[in-house]
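These come from TrEMBL:
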BINDING   Glu92, Asp114, Leu116  Mg(2+) 1 binding site
BINDING   Asp114, Asp117, Glu279  Mg(2+) 2 binding site
BINDING   Asp117, Gly118, Ser119, Ser120, Asn207, Lys273  substrate binding site
DOMAIN    6-191  domain 'Fructose-1-6-bisphosphatase class I N-terminal'
DOMAIN    197-330  domain 'Fructose-1-6-bisphosphatase class 1 C-terminal'
Amino acid sequence: MSKRKSLTQYLIEQQRGDAQLPPQLRLLIEVVARACKGIAISVNKGALGDVLGTAGSENVQGEVQKKLDIIANEVLIEANEWGGHLAGMASEEMDDMHAVPLHYPQGEYLLLFDPLDGSSNIDVNVSIGTIFSVLKHKGGEVSNDSFLQAGTEQVCAGYCVYGPQTTLVLTVGHGVAMFTLDREQGSFVQTADNVQIPADTKEFAINMSNLRHWDAPVKRYIDECLQGKEGPRGKDFNMRWIASMVADVHRIMTRGGIFMYPWDKREPTKPGKLRLMYEANPMSFLIEQAGGASTNGKQRIMEIQPGQLHERVSVVMGSKNEVERVTQYHLEG
Ligand code: AHM
Ligand code: MG
């Protein structure tokens, strides 16, 4: 078997090759990966580390924070703030952006993250993950507004899934690579390159308990899938819903499928449940880099101009032909 590459080797090749990965961005990715290793250790300890359960606080979206949400957030901030590669960070778990303290050198990048996605799965030992996105700081004093850039401006995105294996999935705009944490060596080792999502699929992921709240185009699409071979699609579909976006998207990265968290009538004034900046944009960048597609039902997610840091969005992503079909149903009204 040929020798596998470490994450460091992969990144140095990206620096020397077509991607021309800037050294500061390479350093940033290495530090995020190191933080993910730290989070993986806490996640693995679970009850033994007294890290399960709620922290007795709420985040800006009014969601109860778990102890691990807060631990993961702190690990990412502490790992990243002193290295000199960042101007600021924004997190799903913080009301406002976190500027790099002035006694540290200021860098040119902005880091956004959902420190621990799939919070409802933490206490029940089901896969969860960290999602992150990197933007360039366009200059001036860093503020919440500095982060309000469309997803097309991302220079890097990734996630780390804490499951049976800890796997880091990464794009710097030149395809998608996967790295598995080798616990004995303590390093991420490349286990997939040039990941490609099949254009067609027979598997969908959506929280079916919300069916009665959906809009007509989503109902139509799912209804047609459920009719199976006898219906207009002429094939049987399978359903999966892990309730960790990281784990659901990872399955799609591995074998295809469509993931949807659409707008629904429970919260009519909100565009959706998932967050544009910390969840939808980084996942869209990865999905598109792997040949898939990602829309909010009507528009490419990465082209949405964000109006606020914690903006929400309706999400339809995964295998290209299925995403195009759902989007077409929305456009037909
Ligand atoms: P979180 O960031 O607070 O964990 O919420 C996001 C998660 C996604 O990972 C997942 O797809 C979704 O919420 C599950 O929602 P639901 O419990 O409504 O099915
Ligand atoms: Mg999340």
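Every residue, even glycine, has its Cβ placed from backbone N, Cα and C.
The Cβ centroid of Asp114, Asp117, Glu279 marks the Mg(2+) 2 site; residues of that chain outside this set whose Cβ lies within 8 Å of it are Glu92, Phe113, Gly118, Gly129, Thr130, Ile131, Tyr159, Met245, Val246, Leu274, Arg275, Tyr278, given in sequence order. A straight line from the CA of Gly118 (substrate binding site) to the CA of Glu92 (Mg(2+) 1 binding site) spans 12 Å. Each residue in Asp69, Ala72, Asn73, Ser91, Glu93, Phe113, Pro115, Asp117, Ser119, Thr130, Ile131, Tyr278, Glu279 lies on the same chain as Glu92, Asp114, Leu116 and has a C-beta within 8 Å of the C-beta centroid of that Mg(2+) 1 site, without being one of the site residues. In this structure, the binding-site residues that sit close to ligand 1, with a C-beta under 6 angstroms from any of its atoms, are Asp117, Gly118, Asn207, chosen from Leu116, Asp117, Gly118, Asn207. Across the structure, Glu92 (Mg(2+) 1 binding site) and Glu279 (Mg(2+) 2 binding site) place their CA atoms 9 angstrom apart. The helix, strand and coil residue counts that DSSP assigns across the domain 'Fructose-1-6-bisphosphatase class 1 C-terminal' (197-330) are 59 helix, 21 strand, 54 coil. Rounded to a whole number, the C-alpha distance linking Ser120 (substrate binding site) with Asp114 (Mg(2+) 1 binding site) is 14 angstrom. When Cβ atoms from all protein chains are considered, those within 10 Å of Asn207 (substrate binding site) total 14, not counting its own.
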